[in-house]
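The next block holds one structure in the form of structure tokens; read it before the comments.
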Amino acid sequence: MWGRLWPLLFSFLTVTAVPGPSLRRPSRELDATPRLTISYEELSQIRHFKGQTQNYSTLLLEEASERLLVGARGALFSLSARDIRDRTHKEIHWEASPEMQSKCHQKGKNNQTECFNHVRFLQRLNATHFYACGTHAFQPLCAAIDAETFILPTSFEEGKEKCPYDPARGFTGLIIDGGLYTATRYEFRSIPDIRRSRHPHSLRTEEAPMHWLNDAEFVFSVLVRESKTSAVGDDDKIYFFFMEREEGSSSFTQSRSSHRVARVARVCKGDLGGKKILQKKWTSFLKARLICHIPQYETLRGVCSLNADTSSHTHFYAVFTLTTQWKTLEASAICRYDLAEIQAVFTGPFMEYQDGARRWGRYEGGVPEPRPGSCITDSLRSRGYNSSQDLPSLVLDFVKLHPLMARPVVPTRGRPLLLKRNVRYTHLTGTHVSTPAGPTYDLLFLGTADGWIHKAVVLGSGMHIIEEIQVFREPQSVDNLVISPMQHSLYVGAASGVLQFPLSSCSRYQSCYDCILARDPYCGWDSSIHACMVATTVANRTELIQDIERGNRGCEGSRDAGPPPPLKTRSVLRGDDVLLPCDQPSNLARALWLLNGSKSLSDGQDGYRVGVDGLLVTDTQLEHSGNYGCYAEENGLRMLLASYSLTVRPATPAPAPQAPATPGAQLAHDMRMFYVVAIAILGGLCLILASSLLYVACLKGGRRGRRRKYSLGRAGRAGGSAVQLQTVSGQCPGEEDEGDDGEGTGGLESGCLQIIPGEGAPAPPPPPPPPPPAELTNGLVALPSRLRRMNGNSYVLLRQSNNGVPAGPCSFAEELSRILEKRKHTQLVEQLDESSV
């Protein structure tokens with residue numbers, strides 16, 4: 001049942017967890033739209049670094065030496081913090097040997113991603129050395145590296161107690177007063193633990209009778225100097241943020257016997273472990289639930305701390321991803337937690353594991369003294385408890401069985417600062433920014449899973465996203481973020497390399513209104529030079545105009561609202577469509593169009609279509625003519641962006657009158673017309689004459705065709721076959737005469753032609769006959785006396801027999817002899833068909 005109702009409950013909580021009315025932004029939801037969107041092509045002053053490797057996820061900034069140390073796969077880099085592109089950088093190659101990679105692959109690990117030396121830890125060890133640890137193909141190693149020479153030492157330390165085996169596992173670590181505090185999954189079995197090494201008293205968490213950590217994935221750790229301002233002599237504490245699996249929850253989701261929850265844990269820096277109980281184990285370990293928005297669907301992705309050196313002002317920002325069990329909706333939430341709230345939870349009631357019910361429940365019994373999990377204070381020292389080894393066994397037994405607190409840690413004001421839909425944040429970092437007016441604001445940079453950076457300022461109970469920046473051309477996850485206030489730069493670590501770009505781009509804002517609407521704590525309008533400047537670069541900061549809280553005050557009396565846009569003219573015919581372009585500079589601005597300075601135009605009104613790219617006027621009429629102004633309305637301010645003068649013409653204008661032609665041009669025109677008319681008349685006469693001749697020819701040809709008759713015969717001769725073509729003027733031998741004449745001799749002169757193939761040599765060619773007359777008595781041109789090849793292997797000679805002059809026999813014999821000579825070896829068909837004629 002709960003599985004079906006969770007999507008509805010998720011939507012309900014999303015709507016109901018909405019802040020009240022606010023002057024800064026709409027209150028209908030927690031989602032915030034970035035004011036500006038800056039694509040990769042629009043970026044300026046961005047710097048890239050990429051070596052011959054990948055996975056540049058470990059970053060360490062050394063402000064004093066102006067160096068940025070980078071840990072990658074099989075390499076370490078020392079870059080200039082001023083410009084990471086500086087070619088004078090140093091590099092250490094720290095690869096796993098082929099033998100180690102082979103052993104890793106034999107253990108079933110991926111030799112394409114896992115069986116390498118991924119540098120996961122990089123911290124300052126002392127004044128002269130750094131300390132680095134790498135997975136080293138599932139055999140972790142650590143090394144102390146000289147900061148000056150930046151050369152890999154010849155000796156290494158075993159890292160199985162300090163570094164994860166798996167490069168994909170969560171890891172966090174700190175070096176505090178020479179001691180190494182790390183939290184990850186250790187050993188090849190991937191056991192989650194919080195450990196202290198390189199210390200006279202090495203410590204770890206308890207595993208029996210119950211695990212203090214259950215399938216934990218660690219995200220972040222930080223040292224809070226609580227001893228500086230403590231009135232009771234309290235100890236410094238290390239806080240760890242992680243996700244773990246909760247078994248047997250007693251919440252209203254009892255049907256879900258196991259789910260992952262966010263936790264915060266803490267240990268005391270001066271913890272030495274127990275003397276008999278909890279030997280080499282933490283005696284100050286406590287953990288509590290961390291809640292942001294919807295507990296059952298929260299995954300902790302990143303945490304950053306601000307003012308960790310002053311515990312009274314220390315607070316944390318955590319980013320969660322909210323995902324339903326079907327992953328039909330994805331969002332990210334940002335919550336703020338005050339250190340005072342966390343301290344109050346750790347001094348509250350405890351939980352205990354109830355074996356009968358197999359779940360955690362609130363502990364209702366008595367709590368021994370000194371309070372379990374507390375650090376050694378001046379009060380305890382006065383009572384003889386100078387260290388954790390002096391604590392009573394009853395206290396240590398209680399700590400062993402009650403590591404979990406009953407109350408959860410809730411965000412400041414009980415709700416998230418931001419709920420961003422369709423975005424998955426992966427990392428965040430923040431800094432304090434003081435403004436010329438005096439207030440200090442928290443500025444956050446949030447990295448996404450697809451390579452974008454969101455820059456946001458915290459304003460009371462909400463957040464204003466100043467801009468979203470696409471820092472990678474190809475989508476990839478942002479793995480690490482580091483801020484350098486001295487260099488005014490943000491460093492981004494990702495799989496493909498390291499990026500550096502400025503914390504602000506104030507020069508992008510061209511007017512006073514645009515500068516204050518951005519609400520960037522780094523930017524202010526300087527009226528003396530009429531420019532939006534970085535506040536830290538201005539000598540007299542008090543003269544800068546800023547309004548971070550509301551973002552709409554300060555420019556009323558200024559003349560720096562920007563020059564008015566030029567007036568553009570448009571002229572169209574009546575009934576046509578016309579587009580008046582107008583791009584809004586801000587995602588938060590609303591387009592407003594005014595006609596003749598007063599009439600407000602709305603979408604769908606009188607043929608107007610208001611879009612994000614301008615105003616479309618459809619089916620223009622005469623009343624659409626006028627002056628159009630495009631304004632951007634944002635946060636109560638109105639700015640003119642474009643101005644147009646539109647004229648609608650009633651009809652197509654008449655063509656302009658032509659100038660009178662000159663006498664010479666008129667004469668040339670008349671001659672051309674005369675030639676055209678003459679050619680047309682002659683063409684018509686030729687057509688009539690040709691038609692008459694064709695008609696006469698057809699009549700005569702029809703009468704002559706009816707008086708002729710051809711017959712195809714066959715003569716049998718020894719050794720071959722013959723083709724005979726007979727006209728009405730003679731007959732072929734061996735057949736009856738079907739014509740009007742009874743005479744015939746069987747020769748060529750008788751009107752019958754026989755073609756007999758054979759091997760006989762042709763007679764020598766006689767002298768050429770006189771040419772035939774050009775025209776016969778019937779007026780038709782004489783038929784050619786030439787041999788024509790028909791279908792098959794037979795040849796015929798077409799000629800007239802009556803009332804004509806036959807072609808000379810010598811000419812025919814000569815041509816026939818030549819053709820037959822070429823084909824005498826060709827087999828002729830014995831049976832002829834009619835298609836051979």
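Any Cβ shown, glycine's included, is placed from N, Cα and C.
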>> Under Swiss-Prot's annotation, the disulfide partner of Cys133 is which of Cys115, Cys142?
In response: Cys142
>> What does Swiss-Prot give as the disulfide partner of Cys292, choosing from Cys163, Cys335, Cys375?
In response: Cys335
> Of the candidates Cys506, Cys512, which does Swiss-Prot name as forming a disulfide with Cys523?
Replying inline: Cys506
>> Among Cys582, Cys686, which cysteine does Swiss-Prot link to Cys630 through a disulfide?
In response: Cys582
>> Run through Asn111, Cys375, Asn386, Cys506 for me and report the recorded positions whose CA is within 10 Å of the CA of Cys532 (disulfide bond), in sequence order.
In response: Cys506
> Fewest other CB within 10 angstroms, which one of the glycosylation sites Asn55, Asn126?
Replying inline: Asn126
>> Neighbour count first, Cβ atoms within 10 Å, every protein chain included; then name which of Cys104, Cys335, Cys506 tops the list of disulfide-bonded residues.
In response: Cys335
> If you measure from the Cα of Asn386 (N-linked glycosylation site), which of the recorded positions Asn55, Asn111, Cys115, Cys133, Cys506 is the nearest?
Replying inline: Cys133
> In angstrom units, rounded to an integer, how far apart are the Cα atoms of Cys582 (disulfide bond) and Asn596 (N-linked glycosylation site)?
Replying inline: 17
> What does DSSP assign Cys133 (disulfide bond), in three states?
Replying inline: strand
> Taking all residues of the domain 'Sema' (35-503) together, what is their mean pLDDT?
Replying inline: 93
> Under DSSP, is Cys375 (disulfide bond) helix, strand or coil?
Replying inline: coil
> Tell me, how many other CB atoms lie within 10 A of the CB of Cys523 (disulfide bond), whichever protein chain they belong to?
Replying inline: 25
